[in-house]
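So that you can see what the record holds, here are the features copied from TrEMBL:
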type	residues	note
TRANSMEM	28-47	transmembrane segment
TRANSMEM	163-183	transmembrane segment
TRANSMEM	188-205	transmembrane segment
TRANSMEM	211-228	transmembrane segment
TRANSMEM	240-268	transmembrane segment
TRANSMEM	280-298	transmembrane segment
TRANSMEM	319-340	transmembrane segment
TRANSMEM	352-373	transmembrane segment
TRANSMEM	380-397	transmembrane segment
TRANSMEM	409-425	transmembrane segment
TRANSMEM	437-460	transmembrane segment
TRANSMEM	487-508	transmembrane segment
Amino acid sequence: MMMQHAKTEPRPLLRGVAIREGVRRLHIVPVLIGFLFYVVGAVWVWASPIVATSDDDYHLTSTWCPRPFESSGCEYRLRQTPKPTNVWGHLSDVEVKVPSILRDAGCKNFKTDVSAACMNNLSEKSYFFSDRVDDGGYPYGFYHINHLFVTSHVITSILVMRLFNWTLIYALCVGVMICAPVAYRRPIILTALFTAIPMGTYYIASNNPSSWAIGGLFIFATATVSALHSAGKRRCILMAIALVGALLCTMARADASFFIWITSLAIWISQPWKREYRNIAILTAVVSVWGLIVYASLDKNFILAVNEPDADKSIFIILLRNIFNLPSIIAGFYGLAPYHPGMSDAPLHLNSYVFSYATLGIMLAIGATAYSLRKFLSTGLLFGATVGMPVLVMTMKKMASLQPFQPRYVMPLFIVCVFLHLLPTEKREIDLKRSQWLFAGVCIFFIQHLAVEFVVMRYVRGNKNLGFSLNKGVEWWWTNFPLSPNGLWLLSSVSCVILLCLLTPYVCNSKKGKVAGQGTSSSMVEHEQEIHSDRKTRGDFIVEQSVTDTQNKEEIQQQKVKYSTVGSQ
């Protein structure tokens, strides 16, 4: 009887302490999630050889010899021959001396069925004079900071630049996630998954200025929105991160500098005004004006200047054709035809179309579960700018085709548009059930899985059907790299599937309609603001926590004495 009584006696306090201890141990899960997302993006650093992304020869030459050329440490001279006509890409009036491998490594480009084997015997020691260099079309910043990693080991330098760009954007995103209110972390996570895989991470982990344009505008938007719903030190930190994100845009591309004010306007349309937002409003106004100044100061005449206009067609016909071609821009955000990875010469598997469009549909459906007039107007503004800019630019140039306009130019706006689409409203948050997340997760996994497989295969052996393994028929791969082509591919896929599984409780609604770790969006934000305003010092919190722990220990000791007495009786 005594033993039976001891077994059936409830121990609520001990059980509660055990649960709290378990929760503390579970703090490792967010760290693991962050590490896995870093791996999923870092894989792209080694998935393709050097000079394999759009205009890499131009951007790498500009990185080796950033303007002003006098202080770049490069030997330079004026053009020795007249500029040729009908040549794709911008040619400068100045020639700079750079490693020949920056030109010769393009031997595999535009040859879908040919591997990168032609790069195996290229020398890093020879040099030539190149006129493919920036002389005023791009702002100061991206080339100059990446120039710090230039060494005599050309390939190693390029890989370090790629890894640095990915790590920089990733670190700033982590900073936003740590400081953002709980209710606003889920839209940030879902936006990254729905839009950055695969092409967002592909471009961020590259030598292209679009790396900072895509990452910088996303950081600016997420940090600004999160700052609006935070207080105290967290708001200050988020404002600082938003400033860094805006500066990255102004140091990357002219169009990204222009996008800052559009994004700022959309954010303020989506949020009701409060007097406490004045400092944030000043910040967005200042960076918007600075972005417009940078945009106006750059030479934009060379963009798409080599394409022949369709002089025999009326403006109305050109406009209609460009509008009908808009779906190709949306497809390009996911690396689909005609805008594949690489120099558009690394086509993805046909199933990628199915998974990409399914993911797009899921994203639209999820965001539509929490909508308001403000949200409709803000997302409408950004989406209109996203699809309107390619149509406007190409129509003004009298070209009845959007193909010369790369989707990566407006991809930053598309990502921010998705972020605002997934934000909670004042009355409710988005609804994502586990069954929906299962379907979305499967699609996201296969998008990443197929993208890495086909990009690696394109350069390792060309698009040759030699079976499932990427280690068959290898004609090119990194020297002294610890992973084989299969190893890199499997690392990406395994990291992605574990990441998606671990994210389930953080992105899905429970049966009570709440996400793990948060309540309703509005009440949770107000609660966090009260907490931040009441806790004036970190020391108060530490003292409070220590007192609570002491009380718990005393109660546990009393429970132990009680049960030992019952057992002895």
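Sequential numbering from 1, following the chain as shown.
Glycine residues also receive a Cβ, built from the backbone N, Cα and C atoms like all the rest.
TrEMBL annotations: computationally assigned, not manually curated.
Outside the transmembrane segment (240-268), and at least 6 residues removed from its termini, the chain residues within Cβ reach (under 8 Å) are 137-142, 145, 169, 172, 175-176, 179, 209-213, 215-221, 223-225, 227-228, 281, 283-285, 287-292, 294-295, 298, 300, 378-379, 381-382, 385, 389, 409-410, 412-413, 416-417, 420. Residues 195, 198-199, 202, 346-348, 352-353, 356, 359-360, 386-387, 390-391, 394-395, 400-403, 405-408, 410-411, 414, 447, 451 of the same chain, all 6+ positions outside the transmembrane segment (319-340), place their C-beta atoms under 8 angstroms from a C-beta of that stretch. Taking Cβ pairs closer than 8 Å, the transmembrane segment (352-373) reaches residues 190, 194, 330-331, 334-336, 418, 421-432, 436, 439-440, 443-444, 446-447, 450-451 in its own chain, all 6 or more past its ends.
Counting residues 6+ beyond its ends, the transmembrane segment (28-47) has Cβ neighbours under 8 Å at 159, 162-163, 166-167, 170, 174, 177, 192, 196-198, 201-202, 204-206, 448, 452, 455-456, 478, 481, 483, 488, 491-492, 495-496, 498-499, 502-503, 506 in the same chain.
Highlighted: of the candidate stretches 163-183, 188-205, 280-298, 437-460, 487-508, 188-205 has the greatest count of Cβ pairs under 8 Å to the transmembrane segment (409-425). Away from its own ends, the transmembrane segment (280-298) comes close to residues 136-139, 220, 224, 227-228, 235, 239, 242-243, 246-247, 249-250, 254-255, 257-261, 264, 267-268 of its chain (Cβ-Cβ under 8 Å, at least six residues beyond either end). Contact between the transmembrane segment (211-228) and the transmembrane segment (380-397) is not supported, since fewer than 3 Cβ pairs fall under 8 Å when only residues 6 or more apart in sequence are counted. Residues 29, 32-33, 36-37, 39-40, 43, 46-47, 185-186, 189-190, 193, 197, 432-434, 437, 441, 444-445, 448-449, 452-453, 456, 470, 515-517 of the same chain sit 6 or more residues outside the transmembrane segment (487-508) yet have a Cβ under 8 Å from a Cβ within it.
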